[in-house]
Ligand SMILES: NC(=O)c1ccc[n+]([C@@H]2O[C@H](COP(=O)([O-])OP(=O)(O)OC[C@H]3O[C@@H](n4cnc5c(N)ncnc54)[C@H](OP(=O)(O)O)[C@@H]3O)[C@@H](O)[C@H]2O)c1
């Protein structure tokens, strides 16, 4: 049986997990792969106490892995954009296959990396970059190959979902974020998680693999969860909705929607019940209908599960002397469609609105008239008489679907009314019907 030699770059959380699972399950992985997979070299800035290196060569220079002529597959688990890009392009140049868990790298530099790999005839695999241990890339590119995929929506950042789940019990954002950092769910600098950048990286990849369009991370609309309040969570609940931080990609005439933002979702939907650090991705295919993929979106061994699935795919190809695999974005490069990402003003959504209004007759009629002038229908209204203060009361409404551009104009006009005090809070809503 041929040996396929793997070199791991980065021995942190995922690198350590990958090393340990590859060793622990070596014989069953070998039985499935039809070849022996050996770790031939490991490199990282420092050793990881959780792994037993044995006689496997270790160095601090990750480029030692890329330059080792005995390594067939470079597993990039260092994270970040620049050094990872340099490392991966060097690996490709040296004729090595690449497995990575780095969504930032693929979302931002994927087009360049795939082109280089195509030219060199090597494989680049990135399952672990999206939703950690959930094999959603494989599901989209292979399991759903018969379908025209019209939209994908997901909870694809566990830290954000943990924070919103705890806020659902009435806790404040800053308090839960502190706890998430203590538990190791959030980084010391939580920007990527709470401002939606990490989710936008993953959504960019999902959209490209689902619709067959080039990666366009720079055009994704990204809004985080730091402005969501327990007050809005409570009132969304009263209206029958839960607030989730979703990535939503939708294929439309002439372009795609690519957006990450807090979203009201009917609470009886399965995706509304995905709590804590777990992830879930909903995919709508024209033949299969809606399917949902749920599980651990992060963690050392959960992510290693996806990294190793890719290693096995590559190892099978290498050991059979072929590098034919599913195309990077699920479609042959010549079949990719040049669909642009539409500006956020072009999206269609329902909306939750909250405003402070003067408590006197006729105010509701004025609000309704502004909305109606922009073609916006109201589904439900709550006026919180019990919260009357200084002559003002909160008015909360849920609208039907409308184009965001119309909603922006309506909100600007509402905010200009003398009867409305301060900004109008707006959260998008989806029912996925
Ligand atoms: N953690 C998860 O659950 C998870 C899930 C899905 C995907 N991912 C992705 O997997 C990748 C790895 O994440 P991780 O959580 O395992 O990160 P991590 O724990 O920080 O591990 C990265 C390791 O690489 C080392 N490293 C970074 N740059 C290096 C360099 N230039 N030279 C040598 N060593 C270097 C780091 O050393 P130092 O510690 O000394 O910096 C660290 O040991 C990232 O792309 C991440 O987005 C992670």
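Just so you know, glycine gets a Cβ as well, placed from its N, Cα and C.
Automated prediction, rather than curation, is the source of TrEMBL annotations.
The NADP(+) binding site annotation in TrEMBL covers 9, 10, 11, 12, 13, 14, 15, 16. Residues or ranges marked as NADPH binding site in TrEMBL: 103. For 187, the entry in TrEMBL reads L-homoserine binding site. Taken from TrEMBL, the feature active site, proton donor covers 202. What TrEMBL lists as domain 'ACT' is 352-428.
In this structure, the C-alpha atom of residue 13 (NADP(+) binding site) lies 13 angstrom from that of residue 187 (L-homoserine binding site). Highlighted here are the recorded positions (11, 12, 14, 16, 202) whose C-beta falls below 6 Å from ligand 1: 11, 12, 14, in sequence order. Ranking the binding-site residues 9, 11, 12, 187 by how many Cβ atoms sit within 10 Å of each one's Cβ puts 9 at the top. Counted with DSSP, the domain 'ACT' (352-428) comes out as 27 helix, 33 strand, 17 coil. Around the Cβ of residue 13 (NADP(+) binding site), the number of neighbouring Cβ atoms within 10 Å comes to 20. Other residues of the same chain near the NADP(+) site, with their Cβ within 8 Å of the Cβ centroid of 9, 10, 11, 12, 13, 14, 15, 16, are 8, 17, 18, 19, 44, 48, 77, 78.
A simple way to gauge crowding: the CB of residue 10 (NADP(+) binding site) has 27 other CB atoms within 10 angstroms, across all the protein chains here. The Cα of residue 10 (NADP(+) binding site) lies closest to that of 103, out of the recorded positions 103, 187, 202. Separation of the C-alpha atoms of residue 15 (NADP(+) binding site) and residue 187 (L-homoserine binding site): 18 Å, rounded to the nearest whole number. Within 10 Å of the Cα of the residue listed as 'active site, proton donor', the following binding-site residues from the list 11, 14, 103, 187 place their own Cα: 103. Note: the Cα of residue 12 (NADP(+) binding site) and the Cα of residue 187 (L-homoserine binding site) are spaced 14 Å from each other. Neighbour list (residue 16 (NADP(+) binding site), Cβ cut-off 8 Å, at least 6 residues apart, same chain): 48, 50, 51, 300. A Cα-Cα distance of 18 Å separates residue 11 (NADP(+) binding site) from residue 187 (L-homoserine binding site). Residue 10 (NADP(+) binding site) falls within neither a helix nor a strand when secondary structure is assigned with DSSP, and so counts as coil.
Nearest to residue 103 (NADPH binding site) in space, judged by Cα atoms and limited to the binding-site residues 9, 14, 187, is 14.
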